[in-house]
Structures are given as C-alpha cells and as structure tokens.
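Enquirer: My questions will all concern the structure given below.
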Amino acid sequence: MTKEKIVLAYSGGLDTSVAIQWLVESGYEVIACCLDVGEGKNLDFIKEKAITVGASASYTIDAKEEFAENFALIALQAHAYYEGKYPLISALSRPLIAKKLVEVARQEGASAIAHGCTGKGNDQVRFEVAIHALAPDLKVVSPVRDWKWSREEEINYAKEHNIPVPIDLDNPFSIDQNLWGRSNECGVLENPWTTPPEAAYDLTVSLEDAPDTADIVEITFDAGIPISLNGENMSLANLILTLNEIAGKHGVGRIDHIENRLVGIKSREVYECPAAVTLITAHKELEDLTFVREVAHFKPIIEQKISETIYNGLWFSPLTEALIAFLKSTQKFVNGTIRVKLFKGHAIVEGRKSPNSLYDENLATYTSSDTFDQDAAVGFIKLFGLPTKVSAEVNSKVTITTEV
C-alpha cells in the first residue's frame with residue numbers, strides 16, 4: 001500500500017527532526033524541505049540529516065535572492081514596522097517558505113504539508129493561511145502542536161529513536177533569523193523588566209562597544225530599489241547582508257518590543273535588524289525628497305495596513321495584493337542617493353540627492369535668488385482660511401453658556 005506523502009518544513013533542529021520520525025510512525029512518507037533565506041544554514045548538512053532521520057527525500061533551496069527581491073523589498077518600500085517597532089523579520093519569510101512547500105508538494109504528488117510551529121505562536125497562522133491560499137486542497141499537519149510534549153519528553157523521544165540531539169539545546173533563547181534581521185525570545189527575555197543580556201545579540205554590538213568613529217555609507221536607489229552601496233552595484237540580497245555587517249558593528253537596529261501577537265497574548269521580543277533600519281531610514285528620506293505632499297501624507301496609512309496584514313499572515317490575501325499594488329505605483333520616481341552616518345546605534349541621514357527631487361532651492365531660499373511669488377500668499381491665505389473665518393463669524397453670534 002502506497003503511503004501518503006507529506007512535505008515537512010524542515011529546519012534541522014530538534015522539533016522538526018523529531019517530527020520526521022513522528023510522521024513516519026503516523027504512516028506518512030516524509031519529504032523534507034529547507035530554505036536558506038539568509039541565516040547562513042549549512043544546507044548540505046541539513047539535507048543529509050533529514051535523510052538520516054527518516055525522510056525519503058530532502059529538498060534544500062537557496063532562496064536568499066527571491067526573499068530579498070519579492071518579500072524584504074516590499075517591507076522596505078512599505079517602511080513596515082508592526083506596531084511601529086517590529087520590521088516583520090519572521091513574518092516576511094513564512095509566505096515564501098509556504099510557497100516553496102506547496103511547489104515541492106505539487107512536484108512530489110504530496111497530499112499534505114507539515115510545519116513545526118507550536119500552538120501559541122503567530123507562525124502556525126502564517127503558514128497555514130498561506131498554504132490554504134495557495135493550495136486549498138492540501139491538508140496541513142502540525143506535529144508539535146498536536147503532541148504537546150515538554151522539551152524533556154521531546155529529547156527522550158529523540159534519544160529512543162537515535163535522532164541526533166543538537167548540541168545547543170541548553171541555549172535559553174528561541175531564535176529565528178533571515179537576511180532582514182534576527183528575532184529572539186524566551187529565557188530571561190520573558191521577564192519584561194530584565195535587561196537583555198549581550199548573549200541575546202549576534203548581529204549587533206552594544207553602544208558601549210561600538211566604534212568611536214562613524215562609518216558613512218551612500219545608498220543608491222532606482223525606482224525605490226537599493227541597487228548600490230558606496231558606489232558598488234550588487235544584488236539586493238548581498239547589499240542587505242553587507243549592510244548588516246557595516247551597520248551592525250555600530251549597534252544600529254536593536255529593538256526591544258512588547259508585542260501584541262495575533263493569537264491574543266503579549267510577548268517580549270528582542271530584534272536585531274541593522275540593514276533593515278538603515279535602508280528604511282534612507283528610503284523614507286528619498287521619498288520625502290521625491291513625493292508630492294498628498295502621496296507623502298497618505299502613504300503612511302497604507303504602510304500601517306500592509307504591516308498588519310503581513311504580520312497577521314495575510315500575504316496572499318486580496319487586500320495585501322491591492323495594498324502592494326498601490327505601494328509599487330508610488331516608487332517610479334524614488335531615484336537617487338542617500339548618505340547615511342552610522343554611529344553609536346543611530347542611522348543618521350546627512351545628505352540626499354535625486355534627479356526627481358521636488359526640492360527647489362530657488363523657491364526655498366531666503367536669499368536674493370528667491371523666485372517664490374510672495375504676493376500670491378495673500379489670496380491663498382484668504383481662500384484657505386475662508387471656512388474657518390465663516391465658522392467664526394456664524395458661531396460668534398451664538399451665546400455659549402458653560403456650566404461649571
């Protein structure tokens with residue numbers, strides 16, 4: 001009898017390694033699938049481990065460029081910070097992982113997909129909603145959520161089935177990383193009063209250890225896309241990874257956040273996103289230079305909504321598609337170069353230039369070269385202030401009594 005095929009989102013860690021054996025015992029033929037989205041995974045090791053543990057096939061996919069160009073770029077152009085702080089690190093990679101899982105499932109003729117998420121996090125929602133959007137006929141299985149084992153029970157199960165137990169299990173933190181940043185939770189971070197220890201960080205240095213000399217970087221954008229760093233053209237993925245190193249050594253991009261999860265609880269998260277913070281800061285300044293006022297004032301409304309829909313796992317929803325369409329329509333003239341000073345945790349814009357700049361020095365100056373028609377201000381003020389004046393004239397005739 002042919003076994004039912006299931007594609008597992010495989011990380012190489014304890015949870016998903018145990019999940020392979022658990023799914024095999026449940027009657028499935030397991031196909032493992034692992035993506036590198038910029039966290040620097042050893043894909044060859046992970047591919048071999050999946051087979052050793054019990055998978056019948058193992059896919060490893062270098063998805064850094066696709067992640068950068070189709071997912072991180074949207075977050076950059078949307079200046080996406082969930083609740084004004086979280087730059088959607090993990091939330092951005094989940095729809096891409098789900099997309100690849102569905103592609104492998106179709107290729108293998110699988111009828112189900114499995115993930116290693118717990119029952120109290122956001123990722124279970126992101127994976128399952130994305131999979132249902134892309135392949136509503138596929139069943140989704142969540143071993144970790146179903147078995148409800150403690151960490152000790154999981155380790156014992158692994159030992160009983162000769163599953164290699166990772167040597168870093170004593171690490172108190174739960175970490176997720178991609179090229180857009182690094183997320184950290186659990187351990188001492190669960191107490192919101194506790195200062196995050198330096199051991200919680202990897203991409204950035206503390207302000208105390210940051211250099212006393214700044215780095216100056218120039219980032220060039222073409223239609224809202226970063227295309228070069230300090231005059232050197234590079235792919236978006238490489239530009240982000242390079243900027244992570246440069247900005248990270250100055251302590252840029254540390255975020256400590258009490259976050260409202262989709263599942264209804266608050267969690268304390270520590271993030272590192274040096275490139276994301278630097279790029280969003282630079283991109284925002286270039287938009288300020290090239291946007292007309294009405295677009296500049298309206299776009300933040302769209303930015304907030306995009307941040308929420310992505311965080312909530314609705315990447316493939318009609319709403320997100322429409323929001324992204326608006327976003328892309330605004331980027332045509334976002335061309336130019338931004339000069340940023342990286343120093344002691346700050347990304348400070350010190351210069352900007354653009355062939356599409358709407359800044360006219362002759363209109364803005366107060367020198368003799370001023371070309372602004374100040375006489376036009378009289379009529380403008382009269383018309384602009386007319387509703388306020390009429391309201392005051394009408395309502396001043398009404399006696400207002402205020403009771404104390």
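Keep in mind that glycine also has a Cβ here, set from the backbone N, Cα and C atoms.
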Enquirer: Of Gly116, Gly119, Gly121, which one shares the ATP site with Ala9, Tyr10, Ser11, Gly12, Gly13, Leu14, Asp15, Thr16, Ser17 in Swiss-Prot?
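Expert: It is Gly116, as the record lists it for that site.
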Enquirer: Check Swiss-Prot for me: it has Asn122, Arg126, Ser174, Ser183, Glu259, Tyr271 binding L-citrulline, so pick out which one of Tyr86, Tyr157, Tyr201 it puts in that same site.
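Expert: Record check against Swiss-Prot: L-citrulline site with Asn122, Arg126, Ser174, Ser183, Glu259, Tyr271, extra candidate from Tyr86, Tyr157, Tyr201 is Tyr86.
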Enquirer: Would you identify which of the binding-site residues Ser17, Thr118, Ser174 has the most other C-beta atoms lying within 10 angstroms of its C-beta?
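Expert: Checking each of Ser17, Thr118, Ser174, the winner is Ser17.
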Enquirer: Once Thr118, Asn122, Asp123 are set aside, which residues in the chain still have Cβ within 8 Å of the Cβ centroid of the L-aspartate site?
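Expert: In sequence order, the nearby non-listed residues are Cys117, Lys120, Gly121, Gln124, Val125, Arg126, Val263.
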Enquirer: Looking only at Tyr86, Tyr271, which of these binding-site residues has the biggest number of Cβ atoms within 10 Å around its Cβ?
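Expert: Its Cβ has the most other Cβ atoms within 10 Å: Tyr271.
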